[in-house]
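Asker: Pasting the relevant annotations from TrEMBL:
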TRANSMEM  18-37  transmembrane segment
TRANSMEM  58-81  transmembrane segment
TRANSMEM  141-160  transmembrane segment
TRANSMEM  172-193  transmembrane segment
TRANSMEM  217-234  transmembrane segment
Amino acid sequence: MAIYRIAIGSPREASNPAAIRAAFAEFFSMIIFVFAGQGSGMAYTKLTKNGGATPEGLIVASLSHAFGLFVAVSVGANISGGHVNPAVTFGAFIGGNITFLRSILYWIAQLLGSVVACVLLNSCTGGMEVSAFSLSSGVSVWNALVFEIVMTFGLVYTVYATAIDPKKGNVGIVAPLAIGCIVGANILVGGVFDGASMNPAVSFGPAVVSGTWTHHWVYWAGPFIGSATAAILYDNIFIGDDADHEALSNSDF
């Protein structure tokens, strides 16, 4: 089972140069992603003079997040693995591909990166509101929870298939492109219902800057459940006891 490969890691990871560099890579990648994704929504709001949601706006959000994530994953891939998402990090941890202590470093960096991006956006736009994720009218918290679970399952399943699976071969830019595309596609599906976060850090930054925490737990519980489910299923069904798969151990750092 995938859960038997879980590695806690060593406290030395907190001062390990490679781990610190990886955390910084996640921090900067998250700034790139959130600034582009959240910023495009703010730009669209300004262009439409605070007009309501439109199909065009949904497409803009989908494309900006897909493009931004493609770049953010690509620039961080060789240093940190290009997670750019606490849920992706959690899925990698569940499958034994990253230690728990390094995961904590990633989570801190990802959350800080999102907050910094939102603060920069608020400052650059002259104080425009950085909107927190919220549920649309008629959408219950359970509807939104299922949306986040299913969408994040698809995202982390894609990450495993294109970036983590030892049989993936030399995929080059395929992994970042596929990851960006699945996020963009999911936004077209879930964006009008709950914002289609799939990423606790992406939801965290706007919540901190706007001070709005309504139903915020949905944007953590859903992605983490979906991520863990994808990691366990993919690891057990498609990776299994593959000889090329070596989980991290406490002595790796």
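Using N, Cα and C of the backbone, Cβ positions are placed for all residues, glycine too.
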Asker: By a Cβ-Cβ criterion of under 8 Å, what residues six or more beyond either terminus of the transmembrane segment (217-234) are in contact with it?
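Answerer: Residues 1-3, 85-88, 90-92, 94-95, 133, 135, 141, 144-157, 160-161, 165, 194, 197-200, 203-204 contact the transmembrane segment (217-234) from elsewhere in the chain.
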Asker: What residues elsewhere in the chain lie close to the transmembrane segment (18-37), defined as a C-beta under 8 angstroms and at least 6 residues from its ends?
Answerer: 61, 64-65, 67-69, 71-73, 75-76, 79-84, 102, 105-106, 108-110, 112-114, 116-118, 120-121, 201-202, 205, 253
